[in-house]
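Heads up: the structure comes next, in structure tokens.
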């Protein structure tokens with residue numbers, strides 16, 4: 001049976017509320033000068049769709065990830081949020097190279113090696129540095145292996161430590177993630193959900209990774225356990241200087257964990273910014289809709305529902321995404337230009353990029369597309385011979401110059 | 001053992017019995033390791049047009065107690081005692097054939113995972129029609145189908161006459177949940193038990209579904225029991241909140257009271273465990289240590305005591321020796337809590353609130 | 001869907017080519033000269049080297065193997081003439097060659113034996129389905145009770161008895177010692193000749209296959225049903241207020257049928273390819289016994305024909321299973 005059946009033990013360890021509150025579990029802060037540990041440039045993953053004839057042909061592609069660029073700073077955390085089918089999990093799987101991307105680059109580590117095009121053999125030494133934590137602690141651990149075997153397997157695969165020392169290292173890791181090191185010979189089913197997630201974390205830590213891709217690491221856990229795991233991840237981040245790509249649909253959890261957040265919709269990043277900018281002054285209508293949809297506990301004081309932006313319908317198919325801006329079919333402020341021209345992911349602040357023709361805070365959308373002049377089109381999105389398009393930097397990372405929305409011109413920091 | 005007087009089953013209950021009254025409900029199951037008590041001494045009530053939110057973690061008994069309301073437990077193995085009255089009728093011990101007439105008609109249930117809860121081999125329209133015809137035996141197949149399409153239309157499924165012939169897997173997640181709700185409402189039930197109805201959904205779809213549930217509640221004046229672990233959803237949907245832990249109700253009051261002046265350390269733990277999407281980013285998360293209790297061998301005294309961060313404030317080791325009763329709070333009338341703390345309100349205001357929501361304090365600060 | 005069937009049939013043809021070629025090559029390169037069995041049977045075991053050489057030449061084993069394989073395959077499609085000991089016999093399509101032992105075209109023998117095998121297989125499978133599945137469903141509904149446990153464990157004991165022993169004991173008890181009326185001495189009479197004799201002759205075989213098979217099908221059905229009844233949609237069906245019967249059969253059994261049908265398709269295919277023990281013990285001259293004897297006689301044309309036949313049956317039954325599967329489960333799209 002699970003360890004939950006030890007009723008008399010005192011789980012608090014004699015701690016009081018003030019003791020726990022005094023522990024440093026403050027969310028990590030943004031270090032704007034940290035060098036990137038991972039730079040993703042124009043990453044694309046198109047899965048072919050086969051016809052069902054006698055001879056199968058490729059009749060289309062699921063554009064799961066379509067031109068995504070971002071940076072994860074060393075020891076930092078980038079949050080990737082969006083609804084199911086937006087491509088956030090595919091992005092995580094590309095970075096751990098569970099899939100080979102269709103195109104694009106992923107520069108990793110100090111030597112900035114492009115891991116996108118590497119063969120599995122070339123990748124092997126790098127796999128140690130990029131590890132993944134999965135959502136479901138019930139299916140991601142082999143039920144027939146002991147915890148020691150699960151956590152120790154990477155050590156043996158990569159020949160990191162002599163066989164005799166594997167157990168010692170396993171016990172160390174179990175202790176680090178808050179499990180009893182004597183339990184290395186137990187099986188996953190003897191642990192509760194939260195403890196299993198800790199085992200998954202210990203496995204990911206085994207090889208001292210530089211980057212952890214955490215795909216919904218807490219969404220399968222009970223509320224009280226979620227906080228335990230989040231705090232553990234933060235402690236580990238601080239202690240071992242690990243960078244995180246934190247993929248989740250829970251906007252509040254991402255906000256708590258990540259100083260920087262990217263919002264994805266239908267395979268593209270629509271907005272990326274530091275935490276405060278994104279949550280307090282988002283400029284993309286989709287981000288605004290997402291944020292307004294999160295139910296708020298504070299509403300209890302007032303009663304009833306919060307005012308929210310209602311998005312109609314469902315996310316369109318990634319096989320045949322809408323022309324122009326992919327969000328336009330559900331966008332409350334879409335205009336003609338949105339169907340004709342795809343908005344670039346344009347930098348509009350020191351650490352803020354948004355892909356919208358009408359970027360503004362909620363309710364302040366401009367009448368005319370701010371991007372028209374830059375893209376060389378008129379307000380309806382038709383080509384305008386009189387205007388020369390301006391080059392808009394769409395690479396990963398942030399430039400020293402950006403387009404100021406108030407003054408409608410490029411400004412520098 | 002807790003005996004709660006019927007008059008106090010619902011805070012501020014008005015005259016006339018509410019639509020659903022649950023009194024001293026206990027549900028026990030035999031297992032290979034011994035008998036587990038999934039629900040013990042639970043009492044609550046819901047009036048028509050109102051929503052009761054039941055909050056708790058896995059194993060808290062929140063789903064077990066609601067399944068008991070529909071009589072969905074196997075009567076051969078589950079031992080159910082106490083009283084459940086639906087519109088005045090006692091359903092504990094009611095025969096299966098009589099219970100069947102209530103199920104899906106007066107009380108219906110909406111499940112969490114609509115993909116698993118709808119039969120994969122039957123068309124959506126057919127499954128709705130089946131739910132209608134079982135309670136309207138005189139209705140023809142055509143009438144039932146018309147009713148099914150009408151309901152699909154009502155819950156906002158586009159082209160309902162065409163989509164009725166789709167199988168569940170051909171629907172998107174949000175549409176499936178809408179179809180599930182349509183099926184639950186097809187017989188105009190007075191009570192809807194929604195078990196984590198939006199947990200598997202994305203936030204924007206969740207918002208749509210919650211909107212729909214509220215619209216329908218207004219239209220049909222139904223009572224809703226909303227089971228969830230999401231305090232935000234509860235805050236926006238519920239009139240009353242019942243917090244469950246280890247099979248027992250540990251806090252019960254209006255949504256406003258429970259979430260703004262919680263009186264029980266477990267509720268505090270829940271509040272401090274979830275980050276707030278609009279709160280202070282520097283506010284730390286303070287988890288509840290340990291794991292939920294075993295139902296097989298519950299800890300002595302208060303079931304929450306092994307995880308409680310405030311039991312040092314209770315003298316004489318009362319927490320580890322004696323189960324506190326669910327009593328009215330000394331400071332908030334009509335608000336029931338199961339805790340030995342003498343003045344929990346004061347502890348919350350002085351110790352917990354400043355840590356988990358510093359900005360709230362600043363707002364109240366006269367300076 | 002049609003494209004899928006065509007695709008599967010095409011890949012089936014490829015498999016048949018591989019099977020036939022492998023068997024063919026096995027004889028060609030086998031440890032003893034491929035013509036030796038024929039030579040021995042024609043010369044009353046006085047097969048000298050000269051004679052062997054003559055048969056080898058006559059049967060084409062001196063020619064190029066691929067050309068001979070082509071001739072063999074061509075014979076299956078169009079028929080051919082086969083010459084043995086200077087005597088030319090017409091072997092119409094599908095020609096699998098002439099039996100070394102009888103000298104008759106293999107297909108003629110096979111046609112004689114097929115009805116017996118089909119009769120055994122259909123009757124046995126019918127019995128184990130109609131006994132096994134309902135028992136499994138009943139056990140699943142009462143799972144954990146004494147009746148369920150008794151059934152499961154007694155079937156476990158029964159199915160651990162070797163089948164040939166079980167069949168022999170059945171034969172001894174039912175037919176010989178008890179002399180149960182209606183059960184005649186075992187053997188195959190064509191149904192067109194005498195239906196009563198058909199039944200009484202095959203009854204023992206059916207009972208054996210049926211009882212033995214139903215122990216397995218009870219287990220399969222019980223497992224599939226227990227799983228189906230624990231699904232969320234069963235709880236939904238109950239919550240709708242449906243009567244238990246509807247919940248169990250319309251919602252539960254419908255889902256449980258899918259895995260049962262899958263296993264059944266493969267099992268039935270195996271039965272059709274021959275039930276050696278059953279045919280041997282109950283003296284039924286079917287495909288299985290025929291193949292067994294052919295191996296003993298090293299009658300190569302029959303052995304290859306039966307191998308091909310089993311392959312055809314398994315390919316077709318697999319395809320049928322998949323088609324039925326997609327008909328039962330709308331989530332499955334064949335492509």
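Glycine is no exception: its Cβ is also placed from the backbone N, Cα and C atoms.
TrEMBL assigns the feature transmembrane segment to one of the listed ranges (C:255-277, C:278-300), namely C:255-277. When the ranges C:196-215, C:216-235 are checked against TrEMBL, the one recorded as transmembrane segment is C:196-215.
Same-chain residues lying 6 or more positions outside the transmembrane segment (C:255-277) and placing a CB less than 8 Å from one of its CB atoms are 117-118, 120-121, 124-125, 129, 133, 137, 140, 163-164, 167, 205, 209, 213, 217, 220-221, 224-225, 227-228, 231, 233, 286-292, 306, 309-310, 313-314, 316-318, 320-321, 324-325, 328-329. Long-range contacts of the transmembrane segment (C:196-215) within the same chain, counting only residues at least 6 positions beyond its ends with a Cβ under 8 Å from a Cβ of the stretch, are 119-120, 123-128, 131-132, 135, 155-156, 158-159, 163, 166-167, 170-171, 174-175, 182-190, 267, 271, 275, 278-279, 281-282, 284.
Only residues 6 or more beyond the boundaries of the transmembrane segment (C:116-138), in the same chain, are considered here, and those with a CB under 8 A from a CB of the stretch are 151, 188, 191, 198, 202, 205-225, 248, 253, 256, 260, 264, 267-268, 271-272, 274-275, 278-279, 284-288.
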